[in-house]
Every structure is written in C-alpha cells, then in structure tokens.
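Record features (TrEMBL):
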BINDING   S91, N142, E186, N193, Y217, Y269, V287  substrate binding site
Amino acid sequence: MNYPSDGNETIPTDFDDVVQQVSTGSLAHQKIDELLHEAHERYSDVDDGLLAHYIPILGHADPDLFAIAMSHVGGSVHEVGDCQHEFSIQSIAKMFVYALVVQEHGREVVRERIGVNNTGMPFNSVMAVELNNGHPMNPMVNAGAIATTEMIPGRTSAKKWENVRAGLSAFAGRQLTLDDDVYASESESNERNKAVGRLLKSYRRIEGDPLAAVDVYTRQCSLNVTAYDLAVMGATLADGGVNPVTGQRVVDADVCRDTLAAVATSGLYEHSGDWLFEIGIPAKSGVSGGIVAIAPGKGAIGAFSPPLDIAGNSVKAQLAIGHLSRAMGLNLFASAPEKSLLAKAGRG
Ligand code: GLN
C-alpha cells in the first residue's frame with residue numbers, strides 16, 4: 001500500500017493483489033493504406049515549424065521530407081512517403097531505454113530514482129531538476145533520461161552503449177547504426193546536457209562519471225532510424241513486448257504498460273496534456289522530427305518531418321498521427337454507449 005504522505009507526490013495505490021486484465025480490442029480498420037495516403041496528401045503542403053538549429057547538423061535537414069508508417073501488431077507494416085530515409089532517433093530513444101532499464105531493475109527502483117510525473121518544463125530544463133531537489137521527475141526529459149541511461153547494465157561506458165544499441169535494435173528488428181556526424185555535432189554543442197549531468201551527480205542521482213553518462217546518452221540520441229523502424233519499435237510496445245515482425249520478445253508486457261504510462265505524461269514535453277486531450281494515445285517525439293505513437297494491443301504509427309513547433313515536436317508528424325488516431329478510432333479515452341454499437345452491428 002502506498003498512500004501519499006505529504007501532499008501530492010503520487011496517487012494512492014492499493015490494488016497490487018488485483019489481477020491485471022487487458023481489454024484493448026483490436027485494430028478495426030481495414031483501410032490502413034488508404035488512410036495513410038490520405039493523411040500524407042492532406043498535410044504534405046503544411047510549411048509551419050522550424051528546424052532544430054541548436055544541434056548544428058539538424059539545422060541542415062531537408063524540411064520537405066515527410067513519412068508515415070504504421071505497424072500492426074499482426075506483423076504487417078504499411079508506409080507512405082520517405083519511410084526509408086534515415087534520421088537520428090533523438091529523444092525517442094528515451095522511451096526504449098527506459099523500457100530496457102525497467103526490465104532490468106524493476107519498476108519501483110526506477111520510479112524511486114527517476115519518477116514518472118510531468119515536469120511541465122522544456123525537455124532540457126535545468127530548473128526542473130533544481131525545483132524538485134534534484135529529482136529528475138520523468139524519464140522522457142533530458143535529466144531523467146541521462147539518469148536512466150546510466151542505469152543500463154554494463155561496467156564500462158562502452159558496454160553500456162553496446163547494450164543500448166543492442167536493445168534498441170531488438171525493438172527495431174534490425175541492427176541500428178550510429179550517425180557519426182550527428183554524434184560529433186551534438187557532442188560539440190551539448191554543454192547544457194553536461195551541466196544537467198553534473199547537477200544530477202551533485203544530487204547523487206548519477207552514481208558514476210556524469211560526463212560518461214551524457215556521452216552514452218548522446219550516442220543513443222544519434223542512432224539512425226527510419227519512420228518504418230519507429231512504427232515497428234512502437235508496435236513492439238503495443239504488442240506486449242514482442243516485436244510483431246521478428247517475433248522476438250524484447251521486454252515483458254508489464255514493462256510496456258509502465259513505459260507507455262510514463263510516455264503519456266511527458267512524451268511530448270509540456271504539450272503532453274494537450275496531446276492526450278486531442279489525440280488520446282501515448283506518443284514520443286524527437287528533435288530531428290520523428291514521432292512514434294502507440295495504440296496498445298493495436299499497433300503503432302511512426303511519422304517523420306523535420307520542422308518543429310515551439311516545444312520541439314514535429315508539426316506534420318503530429319497532424320498525421322492526429323488524423324489517423326481519429327480515423328482509426330485509436331483514442332484510448334473514447335467510448336460509445338454499448339447499445340448503439342450493438343444496434344450498428346445489427347444486434348440491438
Ligand atoms: N539529443 C537531444 C538533446 O539532448 C534530444 C532532445 C530531443 O529530441 N527533444 O538535446
């Protein structure tokens with residue numbers, strides 16, 4: 001039992017002995033390809049948003065690239081646009097690294113060290129750490145992600161990095177490679193992340209060398225993926241931890257559930273509440289322009305377009321995923337009266 005002791009740190013929980021049931025339904029939509037094309041066509045001409053110039057090399061991306069892919073838990077992958085174009089995964093890695101770390105250490109150890117609440121602040125906020133007495137609060141913002149990466153098994157940084165790469169590759173179902181140019185560009189311009197690392201060390205949220213932790217974190221952000229990869233990686237989280245294309249179990253089903261809860265609170269940073277309100281499925285974005293959105297038990301959408309909104313989320317990827325979530329009925333919070341559904345099916 002875990003009732004909050006002093007204020008609103010967490011919600012009361014008293015249901016550990018209740019068997020967890022799963023009731024997600026299956027993806028009802030037959031016209032996935034048609035809807036993907038519809039969304040791609042509808043938003044291709046949108047030219048809002050700015051490139052992520054704070055990482056120099058990302059400021060040179062082609063703003064017209066646009067890809068949407070969807071992977072069904074049944075194993076089929078659908079794609080439209082530049083789905084084979086590789087880009088650095090950036091913050092989307094945080095979600096998968098978190099899953100690997102929860103798998104290794106268990107949910108409570110990671111929850112205690114990192115937390116799962118929204119910081120309400122930008123992804124690279126130093127203030128969020130200071131305001132919370134050094135507690136990173138959430139694994140989807142840089143502070144929490146750097147501390148999470150440090151918990152990846154491996155006695156040396158090289159071993160930790162190899163484990164991150166192998167783990168993310170298992171989610172994707174293929175060997176992912178480092179983008180050396182992005183890694184170099186980011187390593188030369190990541191003073192802020194180094195400051196966050198050192199701050200975390202001062203609060204003992206990082207045990208070893210903070211700059212080594214930031215280096216593994218920077219490498220994980222520089223792994224190359226495609227929109228197709230994102231769809232498959234997300235679908236692995238939608239499929240109880242089994243990659244629907246390779247059939248390999250990557251993490252446990254409980255780990256997927258916990259990871260998606262953490263992603264729902266903060267996957268799109270300070271816009272995460274609005275995102276849930278409008279779109280209704282957990283999603284994680286990265287500053288190179290990728291977003292992956294997960295519909296548990298159904299599948300996942302990977303979308304990519306480099307121009308970003310003010311919070312650092314791809315404008316077109318948000319539009320495309322929003323469209324598909326509505327058209328396919330993916331919103332987790334939506335329901336219709338049981339009777340009207342039965343009547344529609346001719347059984348009312
Ligand atoms: N590598 C980027 C950073 O640490 C990731 C940020 C992001 O994708 N939002 O600044």
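Cβ from N, Cα, C; glycine included.
The 6 Å Cβ screen around ligand 1 retains S91, N142, N193, V287 from the binding-site residues S91, N142, N193, Y217, Y269, V287, ordered by sequence position. Sequence-distant contacts of Y217 (substrate binding site), defined by Cβ-Cβ distance under 8 angstroms and a gap of at least six in the same chain, are N142, A145, I146, T149, N193. Note: E186 (substrate binding site) has non-local neighbours I55, I57, T218, C221, S222, i.e. same-chain residues 6+ apart with C-beta under 8 A of its own C-beta. For the recorded site, S91 (substrate binding site), the DSSP three-state label reads coil. Neighbour density for N193 (substrate binding site): within 10 A of its CB lie 25 other CB atoms from the protein chains shown. The 10 Å shell around the Cβ of V287 (substrate binding site) contains 23 further Cβ atoms across the protein chains shown.
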